[in-house]
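Here is what TrEMBL records for this protein:
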type	residues	note
BINDING	Glu79, Asp153, Ile155, Asp156, Asp298	Mg(2+) binding site
Amino acid sequence: MAGLLQALVGASEKAAHIARLCRREEPLFQLLVAEKTGADRNRRFLQDFKTLADVLIQEVIKHDLGKEFPELRGHIHGEESNEFKNGQGETVAVRVCATPGDTATLLLSVLEPERAAAELLAAAVHRDVALEDVELAGVALSIPPQDLAIWIDPIDSTNEYISRREDVAPVDGIAPAGLCSALVLVGAYDRQTGCPVLGVINEPFFRRDPLTRRWQGRYHWGVAYGDTRLCSLSPPPLRPAPCVVLSRAEGGAVRAALGPLCGDRLRFAAGAGYKMLCVILGLADSYVLSEGSTFAWDACAPHAILRALGGGVVALAGALQERRAGDTGSPPELVYNRPVEGAVGAERWANRGGLVAYAHPRHLEAVLAAL
């Protein structure tokens, strides 16, 4: 599993490079922002370029992990379909080909006539990634990869990724919006139990180099398997009263219920992955979402890291139902191998009934009591 952990981190680093490339190189950036210009948007593509960026990152991760661990093939899942229709109405399945030239040709069949963009992307897809992480290299674990499956969110918070809000001032360390909330999420879960066991969160846009003005990234990882708890981060400190981060769209009833508990420590941010990262980093103590608007690919990687730190992610509706029935035991955690019965498409993997992500069980209990 140590090899798999390094492979997940390596795949996330390549994905982060592609995400930065799409914003840095002019031929790619113009395609990306063209999707946000209303009546002036680029209408030569039947499907938008931001989705192609998502899909390409997803397929790169699937390719690289499947190549190194054949037993994972067929068990690496993502948010996006890899099929596109090009300007001629032909269906093109985006994938990683044997050579950079072949991949560029395939991408050009979607991006025609943007040859420079196709070649830039193909070169990034076939780029070797070298990890120089002594701590990561020293991790020794034992779990058969064939027991695991993978959820990928190639670019979480896509709207922030394609927006021009690059340097949004944080509030107590939490950015309310902006490019920093666009993350690459890769999580592994046990195929039988659905329990998340390994997670990688990559921040492609962590900070700018003050000289080059180019974005630099960083990553975090965690392992929670059996009695093993390992993480690249230390557990955040336990504060007397919790700071809770919410979506701007969160309902008034939830805000009102949490107000007496949190006082002036309610914060707002974009992106489910980013809000869970805020809990992981100790910038917030809990993330509450009352709607079923997140999915397995959003939560799997952060959930694994939170478990490694002693926290977790619970199903909010189920937890409240148990509390109202007088059950004071551990509330139900999210699992990642059970599609929603009767649902179709992406809704099969929705986290119905909302969620609460937490770093300390004491704060979870306080939030559930308030709600």
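Each residue, glycine too, has its Cβ placed from N, Cα and C.
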What other residues of this chain sit with their CB within 8 A of the center of the CB atoms of Glu79, Asp153, Ile155, Asp156, Asp298, the recorded Mg(2+) site?
Asp54, Ile152, Pro154, Ser157, Thr158, Leu183, Leu185, Gly273, Phe295, Trp297
For Glu79, Asp153, Asp298, listed as binding-site residues, tell me which one has the smallest number of other Cβ atoms within 10 Å.
Glu79
Which residues of the same chain, at least 6 positions away in sequence, have a Cβ lying under 8 Å from the Cβ of Asp156 (Mg(2+) binding site)?
Ser181, Ala182, Leu183, Val184, Leu185, Gly271, Ala272, Gly273, Tyr274, Asp298
What same-chain residues, at least 6 away in sequence, bring their CB to under 8 Å of the CB of Ile155 (Mg(2+) binding site)?
Ala19, Ala53, Asp54, Ile57, Tyr161, Ala182, Leu183, Val184
